[in-house]
């Protein structure tokens with residue numbers, strides 16, 4: 001560091017003002033803190049984006065190893081008569097650690113220098129000035145030179161150190177590159193001392209605000225900057241204009257006729273990224289929505305729970321319409337326990353593994369009804385369930401079901417169940433609604449809950465099937481009762497999931513470990529296997545579908561329609577339904593219902 005004229009500092013003492021350079025060890029005073037050991041460094045890119053006062057230096061603090069802008073009147077050299085006094089001002093552990101850290105740096109600077117270099121990167125003080133020119137409409141062709149200069153140099157990097165106050169000299173270090181890399185070539189140092197012009201509106205300030213993208217305007221700016229090196233008088237851009245002066249001086253000092261400068265593209269992009277608003281960062285950092293993994297049925301796997309049950313298969317033939325997530329798992333267990341099964345699915349390829357396992361495949365639902373004694377249906381929504389019964393080649397195309405049983409396992413509303421039951425009875429059939437409550441994993445382990453209503457004789461005939469796929473089975477009486485109970489249970493599940501997702505999203509904003517929250521939750525009386533499982537999925541970001549989010553939102557919609565008919569107010573369920581609808585719009589329709597966490601988090 002070099003000395004300059006005497007100035008009066010904040011303490012009233014008269015001392016020599018120092019012009020600091022990178023790697024100068026100093027004492028720095030921040031508001032609210034005692035003087036702290038630090039080092040002058042080149043500012044990192046994220047610090048460049050912050051507004052700062054004039055006459056500030058970027059300081060690296062030992063101990064905490066972070067960066068901040070400090071005014072020059074709050075900086076003193078580390079070595080001096082004041083060192084002993086300042087070292088005794090504070091004795092907390094953090095201060096002692098900082099003193100130890102700087103002493104280690106004096107002995108061996110390698111570790112700290114490496115950390116500072118990683119944070120700050122290669123010094124390029126022209127980056128911000130060039131960025132401003134691009135922002136103000138300067139043509140990119142005038143920023144990035146495409147041809148080499150007359151003497152083979154690729155550009156000039158000017159490093160300005162010192163105070164921009166009036167009357168102070170400016171030390172300009174000009175690294176003239178005679179090869180391809182300005183970092184490795186020797187530096188030629190030039191001293192340029194001069195007085196600043198008064199802070200009045202200059203020609204440069206006017207030309208910077210001129211027409212965007214015009215080559216003529218760009219030429220005016222360069223000419224004006226050469227005529228008036230003080231640059232614009234705007235206080236907020238004073239610091240940036242100092243870098244602009246240095247670039248102009250460097251161009252004049254170099255032997256290149258064009259003086260074109262290269263802009264570090266990566267540095268510019270990083271500077272732009274540092275200026276993004278927090279909401280923009282959250283939006284851009286949102287995870288990419290990927291398709292959930294395709295669910296492949298492993299026909300060779302066997303559930304230990306199912307193997308322990310003493311199941312005697314019925315001699316009747318069971319038809320199954322729909323081989324979706326739940327349907328395929330149920331059919332697999334029925335085949336494994338020795339039941340005779342006939343299957344149909346809209347996508348015929350899904351039937352192939354079951355055909356290889358011994359099931360008979362039919363072309364239409366009507367063909368399945370002809371070949372089976374009891375027909376199960378498990379599709380995704382009420383409309384699909386109705387289409388299979390009343391549609392073309394549907395169940396009722398036979399006209400006479402000959403006392404066959406039809407079991408509706410799709411999640412439907414009570415009115416739809418009553419309509420299907422009425423149609424089956426009119427065609428001389430028997431009807432049972434058997435709502436299944438549980439996840440795909442519970443279905444694979446035979447741990448579902450069956451809620452049945454309708455014809456009691458059908459319920460008895462399906463005893464072996466229900467024992468295969470469920471741990472508990474309930475007969476609830478008339479048609480519609482089972483649908484109501486199932487939708488009520490789904491309401492509890494949906495509201496609980498949204499509450500869990502919002503709570504974990506809040507913990508994530510506090511930077512609290514989600515796994516810690518779940519571990520503590522497991523010790524409370526609120527715990528439940530379902531919430532624990534969903535919480536772990538949210539913490540891991542594992543949204544492979546056990547119960548698709550679209551199915552959960554469908555159930556909530558059915559609940560609200562059912563409540564509307566009764567004039568029953570359900571405000572919390574309504575909000576929960578909107579949350580799931582929004583999550584569907586984000587692209588998580590086919591993911592697990594725990595993906596609602598993504599919506600709460602972002």
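Glycine residues also receive a Cβ, built from the backbone N, Cα and C atoms like all the rest.
In this structure, residue 322 (NAD(+) binding site) belongs to neither helix nor strand by DSSP; it is coil. For residue 322 (NAD(+) binding site), applying a Cβ distance below 8 Å and a minimum sequence separation of six or more within one chain yields 344, 345, 377, 378, 379, 384, 388, 410. Sequence annotations record features per position, and here Swiss-Prot assigns NAD(+) binding site to 319-333, 411, 554.
Taken from Swiss-Prot, the feature compositional bias 'Polar residues' applies to 176-188 (among others).
Residues annotated as compositional bias 'Polar residues' in Swiss-Prot: 204-217 (among others).
Residues annotated as compositional bias 'Polar residues' in Swiss-Prot: 224-233 (among others).
Look at Swiss-Prot and you will find 22-81 tagged as domain 'PWWP', backed by sequence analysis.
The phosphoserine annotation in Swiss-Prot covers 8 (among others).
Taken from Swiss-Prot, the feature phosphoserine applies to 10 (among others), supported by experimental evidence.
Per Swiss-Prot, phosphoserine is recorded for 224 (among others).
Annotation comment: Swiss-Prot describes 228 (among others) as phosphoserine.
The feature phosphoserine is assigned by Swiss-Prot to 243 (among others), with experimental evidence given as support.
The annotation region 'Disordered' is assigned in Swiss-Prot to 162-262.
The region 'Dehydrogenase domain' feature in Swiss-Prot is assigned to 309-602.
Taking a C-beta cut-off of under 8 angstroms and a sequence separation of 6 or more, residue 411 (NAD(+) binding site) has the following same-chain neighbours: 381, 435, 436, 483, 486, 487, 490, 551, 554, 555, 558. Its Cβ placed at the centre, residue 328 (NAD(+) binding site) has 24 other Cβ atoms within 10 Å.
Confidence across the region 'Dehydrogenase domain' (309-602), taken as the mean pLDDT and rounded to a whole number, stands at 94.
Under a cutoff of 8 A between CB atoms, and with a sequence separation of 6+ in the same chain, the neighbours of residue 331 (NAD(+) binding site) are 320, 323, 341, 343, 354, 359. Under the DSSP three-state reduction, residue 411 (NAD(+) binding site) is assigned to coil, being neither helix nor strand. Per-class residue totals from DSSP over the domain 'PWWP' (22-81), listed helix then strand then coil: 7 helix, 23 strand, 30 coil.
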